[in-house]
C-alpha cells in the first residue's frame, strides 16, 4: 500500500507512441515497461498484453487503445499505444488520450514513411506540444551514415510541421534487443526515460488556467435569482467575481453571487467540480445550455473555423453513404448542438465514411471556442464524426 501512496507524489505526465505501422511502437512500449520496472519499480508488460488493446468509446467512437504506466526517476507516466493507424487518427482527433508529449518511433531500416508524416501532422493539428524521436531497429543497420541520413530526414519532417526539428532529442535504439535484456540496448531505454523527464515540461494544470464552465442546466430559485449548473472545465471561480456568459446569443457580463455544491455553499468552485453558480441580475431566459461562463476576456464566441475531422464508418454506427459540400449536420460543442455548413478542400469532391479530412465549418450561432476545442458531428442525435478546431477564422 505504501508504494501506491509514494507514486501519487510524483508528477503525472501523459505520453504515447506514434509512427508508421510495424516500426516497433508496441515493442518499444513493452521494452519501456520492462526496463523501467527493473530500474524504478512497476509492472513489466509483454508485447501481446499491450497488442490486444481493449475497445473503448470516446465521443461515441470505438477506439482500440492500450494504456500502460511506468515510473522514471522523477515522474509517473501514463502511456497510450494503438494497434492500428485508424485508431491513432481517432484517438488524436477525439482527444480520448490527451498527450503532453509523444514518442515518434521510426525504423532505421525504413526511415520516415507515409504514416510517420501523417502522425506528425496530426500531432501538430491536435496540439501535441512535444515530440521525442526513437530510431528503432538500429541493431539491424551497420552503416552509421545510413543512420545519420534517417536522422536528418526525420528532423526535416518535424521542421516541416513546425516542430523544432533541429533541437528534437533523437535516441537510437533497438526495442527488441532491450526486451531481450541486452545491456547495450537497455541503456537506450534508460536514456529515453531521462529525455522524457527533461524534455517534456510540467504541463499547465487545468486549475491554473482561466475559469470556464460549460452550462448544462439553468434554474430559477425564487427570491435568489438564476442558477446555472455544470462541471468546471478549468480555473477557479470565487464568489463576487465577474463572469461573462458567452455563446449562442450576445455576450453579457454578470457577477457570481454564490457557488454551491451538493446543496452546500462554498467560497469558490474549482476545475473538475460540479457546481451551481448564482448569477446577479440574470433572468432565467437570458441563459441556456450550450453557453459558457468564463473569466471576462479569456475566450470569445466564433462561428467560422478550420478543423480536422474523422468521419465514422458504417461499422462504427456512422453514415452508410458519403457526403458532399453543402452538407448541414449538427456540431456538438461541450453541451449543445449547433447546425453548420461545411467547405471541403478544393480537390475533395466527397467524403466517405472512415475518412479523416480537413474542413471549414460555418455555424449558424456563435460558440465560445479556442484552438484545440473538440466537437462531435451529429445527425439527429447520432454521432457520425469527431473533430478538433485547428484554426479560428471569424
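The backbone N, Cα and C atoms fix where each Cβ goes, and this holds for glycine too.
In Swiss-Prot this protein carries:
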DOMAIN    10-204  domain 'tr-type G'
BINDING   19-26, 81-85, 136-139  GTP binding site
REGION    19-26  region 'G1'
BINDING   26  Mg(2+) binding site
REGION    60-64  region 'G2'
REGION    81-84  region 'G3'
REGION    136-139  region 'G4'
Legend entry - Pairwise Cα distance for residue 85 (GTP binding site)/residue 26 (Mg(2+) binding site) [Å, integer]: 13
Legend entry - 25, 85 as binding-site residues, winner by CB count within 10 A: 25
Inset, instruction - Counting only CB pairs under 8 A, let me know which of 19-26, 60-64, 81-84 has the most with the region 'G4' (136-139). - result: 19-26
Inset, instruction - Note down the number of other Cβ atoms within 10 Å of the Cβ of residue 19 (GTP binding site), including every protein chain shown. - result: 26
Inset, instruction - Look up residue 26 (Mg(2+) binding site) in the DSSP assignment and report helix, strand or coil. - result: helix
Legend entry - Counts of helix, strand and coil residues, the region 'G4' (136-139), according to DSSP: 2 helix, 1 strand, 1 coil
Inset, instruction - May I ask for the distance between residue 82 (GTP binding site) and residue 26 (Mg(2+) binding site), taken between their Cα atoms and rounded to an integer number of Å? - result: 8
Legend entry - Rounded Cα separation (Å) that holds between residue 19 (GTP binding site) and residue 26 (Mg(2+) binding site): 10
